[in-house]
Every structure is written in structure tokens, then in C-alpha cells.
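Structure record follows, encoded as C-alpha cells.
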Amino acid sequence: MSAIIRDEEGQILLLCKGADRFGCTGIISSSSKQTLMIYFFLNFSCSIIFDRLSKKGKDYLGATSKHLNEYGEAGLRTLALGYRKLDEAEYAAWNSEFHKAKTSVGADRDELLEKVSDMMEKELILVGATAVEDKLQKGVPQCIDNLAQAGLKIWVLTGDKMETAINIGYACSLLRQGMKQISISFTNVEESSQHSEPAVRQNILMQITNASQMIKIEKDPHAAFALIIDGKTLTYALKDDVKYQFLALAVACASVICCRVSPKQKALVTRLAKEGTGKTTLAIGDGANDVGMIQEAHIGVGISGVEGMQAVMASDFSIAQFRFLERLLVVHGHWCYKRIAQMICYFFYKNIAFGLTLFYFEAFTGFSGQSIFNDSYLLLFNVVLTSLPVISLGVFEQDVPSDVCLEFPALYQQGPKNLFFDWYRILGWMGNGVYASIVIFTLNLGIFHVQSFRSDGQTADMNAMGTAMFTCIIWAVNVQIALTMSHFTWIQHVLIWGSIGAWYIFLALYGMLPPKLSGNIFHMLLEILAPAPIFWLTSLLVIAATTLPYLFHISYQRSVYPLDHHIIQEIKHFRIDLEDERMWKREKSKAREKTKIGFTARVDAKIRQLRVKLQRKHSVLSVISGTSSNDTASNMI
């Protein structure tokens with residue numbers, strides 16, 4: 001970022017701060033000429049302070065570079081400072097060009113502003129550098145470790161120096177000892193300026209190709225690679241003829257760190273990962289320079305804090321600290337996927353079971369247009385009688401508690417693997433709905449159509465049979481959603497069984513209205529259906545018949561092909577986790593995705609190294625023992 005000011009003596013100065021090699025800056029200006037006034041405008045352009053120094057402004061370049069490297073290796077965030085004196089004519093000419101670019105309304109407005117900014121940010125005099133300590137927030141390494149065990153790939157896009165970014169990588173366990181680091185850079189700036197752009201691009205492409213080949217020929221299954229690339233090199237790596245090779249290399253690496261990148265490059269890398277892999281991407285940041293990346297990703301998460309609220313305002317979710325991302329994804333992400341998937345599948349089941357009974361009756365009556373259900377039934381079905389249980393499923397359903405989700409992070413993979421919303425699951429629910437509709441229609445038709453259902457020999461008319469059939473539908477769909485749920489609260493019980501009770505209350509009250517209002521439903525429940533035992537027996541028979549396929553399916557699956565959450569539910573139900581803690585720990589160790597980053601991966605790598613050392617030591621001792629035995633035998637001979 002740069003500022004144009006006028007000091008007390010009337011001298012106009014350009015003050016510039018930014019990355020020493022590559023970063024994001026913006027010029028600050030205005031048309032006012034008040035003394036000591038700082039002028040602002042929002043235009044971001046890539047500023048490379050060292051590359052924009054004048055020949056007379058490099059007196060402290062060597063010492064400053066040395067200090068910046070030392071600060072970066074210590075994990076500090078660094079900036080370089082420079083200035084330039086401007087005369088009135090130069091500033092007036094530039095301000096005129098800037099005003100034209102700022103007031104332009106074309107698609108190239110940003111490019112014009114960037115060009116005007118570049119006109120001013122040159123021939124700078126180096127003042128010095130700053131270094132600020134920016135400690136990791138509490139719980140960041142543990143959060144990254146658990147997210148990695150949940151099967152997520154984590155990339156770091158930062159504006160810090162490469163040394164600082166590498167230290168941060170070690171601090172949060174994205175990097176570890178023994179991990180092979182692939183550093184792609186074109187570090188010699190003077191040499192890069194002398195070569196043509198195609199030559200530079202070819203050099204970077206060759207580095208990417210060689211790195212990809214190195215990963216392919218690696219035979220150690222435990223080998224981990226980390227890709228580190230700076231912003232200047234990333235400019236060429238994101239070109240159309242290179243970006244997909246760069247993406248393939250990045251995907252093959254365990255961790256990726258892009259340092260000294262601009263906000264635009266953050267957004268471009270996010271877009272490349274989103275479009276190139278076809279996977280769901282999430283971007284998280286806390287500053288204004290992360291807005292483009294957050295908006296480009298499928299899911300944007302903003303961290304509220306000292307950096308301002310720009311990232312929060314541009315995001316889909318807001319959290320206070322980075323460590324809360326673990327609970328947002330592993331707990332609420334897992335629950336949300338299960339809830340939405342089950343809700344949609346249940347909607348298919350419910351409406352198919354209800355709608356096909358109408359179709360069957362139309363076919364039975366020769367498509368006469370006569371409906372077997374009263375119009376009020378049709379209005380109440382989706383609005384009152386079956387809506388609240390679905391809401392309770394979408395709000396309160398939990399297959400496992402939150403603490404178990406955190407202990408078993410691999411449960412999160414049920415979402416990316418789409419275990420509960422694939423075509424097999426959808427067609428299964430649709431088939432269950434077709435089966436339920438057939439059972440409901442045929443049983444009610446066979447029981448009420450040709451025989452009396454009252455002790456006095458009274459037979460059921462179309463309204464009585466329609467009401468009995470509708471009652472069976474209400475029972476079937478609500479009992480089905482109760483069987484689908486894994487977690488019950490008193491609210492769910494009230495909504496599910498209350499919806500069934502509301503049907504009987506409505507039928508009784510509606511039947512008490514005068515015949516002009518109730519029509520053919522006059523005293524339908526109290527005088528016609530309720531006194532007939534066959535009405536209640538039919539409801540029980542239909543409930544049992546419609547739920548049998550689901551009960552058989554879930555019993556077979558839990559017994560033969562149980563999913564992870566089925567095993568956890570059984571362990572929790574029988575309290576096996578309290579009786580056999582060793583078994584519980586063993587199950588937790590299984591329910592983790594294999595990863596090569598994070599604290600757990602670092603510990604595993606250390607254990608493997610110790611095992612290799614012990615094996616070598618044991619083999620050396622065996623050789624020495626064998627040699628001693630041979631010497632003893634020779635002496636005896």
C-alpha cells in the first residue's frame with residue numbers, strides 16, 4: 001500500500017510499504033491539497049519494492065535483505081519501506097490520469113488503475129524494513145491435525161516471505177522433519193528480467209515436470225512431499241499452458257504452501273483447485289486480502305478479529321478463531337449432510353406413498369376424475385400433518401454425538417463419499433414409497449370394499465374408505481420417519497406423535513361441524529370409523545406391512561455390512577466404551593483417514609524412524625554375534 005502526502009514544507013512524498021519481492025499494495029491518493037493530508041483510494045497492484053528501487057535508493061539493500069531473511073527465518077512477518085519525492089507538475093499529470101482511470105466504467109477499469117499505480121510506484125528510495133510477530137492462534141496445530149485425519153487436503157496461501165511461511169508450516173505441522181520439500185521458484189530477479197517470458201515459463205514448467213516425475217518414481221509408501229512456491233513463480237505457473245501441470249503436482253503433494261501471493265493470485269489458485277479437481281473447496285481468511293479467495297471458493301469462512309470485518313462480510317460462515325473450523329466441519333458439516341440427505345430421500349418416499357394411492361384409485365375407477373380423499377385432507381397432508389416431523393429431522397437429527405464426531409474424524413468422509421445421497425439410496429427410498437402405496441391401497445380396498453365393517457352389517461362408502469386409507473398414510477409416513485431417526489428429544493416425540501394425534505383431533509372436530517360445512521365427513525370418526533374394530537386393526541396391519549422392508553434392510557445392513565456410525569451407535573448403546581477402553585481406543589485409531597501432515601503424522605514418522613534404527617542396531621548386533629561365533633569355532637579347531 002502506498003500513500004501520497006504533502007508535508008509541512010509543501011513537499012509531496014510517495015510513501016510505499018509492501019513485500020520485498022512480491023506482495024500486494026495499493027496507492028493512496030486524493031485531489032485535496034491540505035497540508036499533512038493522507039489521500040486514499042482502493043486499488044490493489046503487485047508491488048515488488050526491491051525491484052522498484054532507483055539506482056540511488058539501493059544503499060541499504062544488502063543489509064536490509066540480510067535482516068529480512070533473518071526475520072523470516074525467525075517466523076516474523078516482514079514489510080519493506082520506501083519513499084519518493086514528487087514535484088507539482090509530475091503529481092498533477094499523474095493525478096489527472098488517475099482521475100480518468102478511477103471514473104472509467106468499462107470492464108478494464110481495474111487494469112487501468114493498476115497501470116496508473118505502476119506509473120507512480122517506481123524510482124523508490126529504500127528506507128528500511130519492519131518485522132512483526134504474528135503468533136498462531138490457540139489450537140491451530142490440533143485443528144489442522146484433525147482436519148487432515150478427516151480426509152481434507154489443506155493448502156496455505158499467504159503473503160508472508162518464504163522463510164516465514166515455512167516456519168509457520170512447521171509450527172502447525174503442515175511440514176515436518178523428513179518431508180521432502182519441492183521448492184519451485186525463479187529467484188534471480190535480474191536474470192528473469194533479462195530472459196524472455198517464454199524462457200522463464202519453460203524453466204518453471206521443467207521444474208514442475210521434474211518434481212512430478214520424482215513423486216512418481218518414489219517407492220517409499222510413507223514418503224511425503226511438500227510443494228512451496230512464491231508469488232512471482234506462481235504468476236507463470238497459473239498460465240493456461242502450465243496451470244494444469246502445476247495443479248497435478250500440487251494434488252500429488254501432501255501439503256502446499258504458496259507464499260508472497262497477492263489477493264488476486266489467492267483467488268486464481270482457489271479457482272484452479274475448484275475447477276481443475278471438481279472437488280468442493282473451502283477458503284478461510286481473516287483479512288481484506290482474503291475476500292477474493294473466500295468468494296471464489298464453494299464455501300467461504302471468515303474469521304472475525306483485529307484484521308477487520310471484510311472477510312466476515314464476504315463469507316458464508318463466520319467464526320471467532322481458526323480452531324472452531326474443526327467443529328464447523330467435522331461436527332456440523334457431518335450432521336448437516338446427513339440431515340439434508342435424509343430429508344430429501346424422505347420427501348421422495350412420503351409424496352410417492354401419498355400420490356400413488358390417488359393414482360391407483362383413479363385407475364380403479366376408470367380414470368373418472370373422482371378423488372377418494374376429501375379436499376381438506378389434501379390441504380392438510382403436506383402443510384400440517386407431515387411437515388413438522390420433517391423439520392424435526394432436519395434440525396435435531398444426530399447419528400452420533402458431537403464428542404464422538406471429534407473422536408472419529410473419518411465420519412466426515414461419509415459426506416464427500418456421498419454415502420447417503422447416491423442413486424442407490426434415492427431409488428431405494430422411491431421403491432419403498434411405491435411399496436407403501438401399493439400396500440396401503442390394496443389392503444384398504446380389500447378390507448373395506450366388498451364386506452361390512454360394522455357389527456350391524458354396514459358397508460363402507462367411498463368417504464369412509466378414503467378416510468381410513470388416509471389414516472393409514474399418516475401413520476405409515478410418520479412411523480417411517482421415527483424409524484429413520486437416530487437421536488430423539490422430547491421435541492421430536494411431540495412433533496411426530498402430535499402430528500398423528502392432530503389428524504384424529506381434526507377429524508373429530510371437523511366431523512362435529514354442521515353438515516353444510518363438514519359435508520360427507522359429518523361424524524366420520526366418532527360414529528362411523530371409531531366404533532369399528534376393523535378400522536383400528538387395518539391401521540395396525542398397514543403400519544406393520546409398510547415398515548417391514550425398511551426394518552429388514554436396516555437389520556441386514558447393521559448385521560452384515562455395518563457403516564462406521566452403526567458400530568459406534570452399538571458401542572455407545574451397550575456402553576462397551578466404558579467397559580473396554582482398549583477396544584474403544586482401537587476403534588478410534590481405525591476411524592481416521594491416513595494422512596502425511598499434522599501432529600499425528602509427525603509422531604508416526606518419528607516412530608517409524610525409531611523402528612528403522614532399532615532394526616539396524618539389531619542387525620548389526622546379529623552380525624557381530626555371528627562373527628564372534630565363527631572366531632570361537634576357528635580357535636577350537
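Using the three backbone atoms N, Cα and C, a Cβ is placed for every residue, glycine included.
Because TrEMBL annotations are produced automatically, they should be read as predictions rather than curated entries.
The local packing around Lys266 (ATP binding site), expressed as other Cβ atoms within 10 Å of its Cβ over all shown chains, amounts to 27. Feature annotation from TrEMBL assigns ATP binding site to Lys17, Arg77, Thr158, Gly159, Asp160, Arg260, Lys266, Asn289, Asp290.
Taken from TrEMBL, the feature Mg(2+) binding site applies to Asp286, Asp290. In the structure as shown, the Cβ atom of Asp286 (Mg(2+) binding site) sits within 10 Å of 23 other Cβ atoms.
Taken from TrEMBL, the feature domain 'P-type ATPase C-terminal' applies to 312-562. For the domain 'P-type ATPase C-terminal' (312-562), the predicted model reports an average pLDDT of 90.
Annotation source TrEMBL lists transmembrane segment at 346-365 (among others).
According to TrEMBL, the transmembrane segment annotation covers 377-396 (among others). Remote same-chain partners of the transmembrane segment (377-396), defined as residues 6 or more beyond its termini with a Cβ less than 8 Å from a stretch Cβ, comprise 339-340, 342-343, 346-347, 350-351, 354, 371, 466-467, 470, 473-474, 477-478, 481-482, 484-485, 487, 489, 491-492, 495-496, 498-499, 502-503, 506.
Taken from TrEMBL, the feature transmembrane segment covers 426-447 (among others).
Non-local neighbours of the transmembrane segment (468-488) in the same chain are 342, 346, 349-350, 353-354, 357, 372-373, 377, 381, 385-386, 389-390, 393, 396-400, 432, 436, 440-441, 443-444, 448, 460, 496-497, 499-500, 503, 529, 535, 538-539, 542-543, 546-547, 550-551, 554, 565, 569; each lies 6+ residues outside the stretch with a CB under 8 Å from one of its CB atoms. Per TrEMBL, transmembrane segment is recorded for 468-488 (among others).
Residues or ranges marked as transmembrane segment by TrEMBL: 494-513 (among others).
Residues or ranges marked as transmembrane segment in TrEMBL: 534-552 (among others). Long-range Cβ contacts of the transmembrane segment (534-552) within its own chain (Cβ-Cβ under 8 Å, at least 6 residues beyond either end) map to 353, 432, 435-436, 439-440, 443-444, 447-448, 453, 468, 471-472, 475-476, 479-480, 483.
Of all the binding-site residues listed (Asp160, Asp290), Asp160 has the fewest other CB atoms within 10 A of its CB. Sequence-distant neighbours of Thr158 (ATP binding site) (same chain, six or more apart, CB under 8 Å from its CB) are Thr164, Ala165, Ile168, Ile257, Cys258, Cys259, Arg260, Val261, listed in sequence order. Looking at Lys17 (ATP binding site) and Asp286 (Mg(2+) binding site), their Cα atoms lie 20 Å from each other.
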